[in-house]
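Here TrEMBL flags 41-75, 132-158, 159-200, 201-233 as repeat 'WD'. Among the features that TrEMBL reports, domain 'Small-subunit processome Utp12' is placed at 266-361.
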Amino acid sequence: MPCEYALCSFFVPGDRQVVIGTKTGNLQLYDLASGNLLETIAAHDGALWSMSLSPDQRGFVTGGADKAVKFWDFELVTDKNSTQKRLSVKQTRTLQLDEDVLCVNYSPNQKLLAVSLLDCTVKIFYVDTLKDGALIATGSADRNVKIWGLDFGDCHRSLFAHDDSVMFLRFVPKSHLFFTAGKDRKVKQWDADKFEHIQTLEGHHQEIWCLAVSPSGDYVVSASHDKSLRLWERTREPLILEEEREMQREAEYEESVAKEDQPAPSAYVLETFKGVKSSELEEALLVLPFSYVPDILKLLNEFIQMGSDIELLCRIHFGQITSNQMLVPVIEKLKETTISKVRQVQDIIGFNMAGLDYLKRECEAKSEVMFFAEATSHLEEKRRKRKNRKKMILTLT
């Protein structure tokens, strides 16, 4: 369905319509069955960064770059082109703030609204006058997750969560378990009561931008910059944290050992490539199992970055790998590195050729020595005559 530059979205209860928030600040309402745009509403005077469906499913809240939080209700209106009624939305309230609104989210009981602002603060607003003593967790570009108590607004614990910016955070409904997504391509699960890391889910090849958790908590969906959605399902097998930690320690140890030993196997692969005859190289690559291709592409990128055997590596190519979306980031990186290194080699060759031409002209101008090629041919001629003379002497004796 063609739309404007979309920044956020959600399904309307009933799964017949979808609401899109755009970079220009518009709300766009689409009918899923027909794919038609039902209505466009100017909601904010800047980018509409976030939306949150109210738990009672009667409306939603939006936050934008115009420093405003706006509340909306669903309503039925008569369509101009027919007598039938269709879904629409109307604004009910506006909360004006001092900073751009980056994220908004209702508490599960719809009593509180959390608003994340551009000044690195999160403000909690009461939707009604009732108090709530639940927890809130926030993730940041500083790679930390902080767990706060809403009774006094104090920080219960700060956890180093990811190796890069934390991009998204979602609680499992009716629990104090939550998932985080990071630029380090990982999804992690945490316990907000015990402040413990439970498990890490790996599979994406680029930073993860968004998460969604099913109402039952049995499924988690992650959306990544590698252009893929991944569905994670909760298994029935019990999760023993000690075993998970032991496996994580073993994985970290193996990774550190692999990094120490990396030059040896990498050099062996390169020497193997160099040992294949030029006429047989393409045929050898065609019969290579496809499962080896991702690792080889990464190695080629490393070799080219180091400037090793650029001419050989630029001849190595594989057919039909661009259809695999998982390899696209690796191929794009390889493309950038190859072009850069080939240009460097071209510059070196051009510089050397210019230097040799200069030497040739200098030598020819002085006329004191012959040019290298001429000197070599004369030397070969002298050697040939010397060998012929020796043969004649041996024949005469």
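Every residue, even glycine, has its Cβ placed from backbone N, Cα and C.
Because TrEMBL annotations are produced automatically, they should be read as predictions rather than curated entries.
Outside the repeat 'WD' (132-158) by six or more residues, the chain places 107-109, 111-112, 114, 116, 120, 122, 124, 164-169, 171, 176, 178, 180, 182, 190, 192, 195 with a CB less than 8 A from a CB of the stretch. Per-residue confidence over the repeat 'WD' (201-233) averages 93 (mean pLDDT, predicted model).
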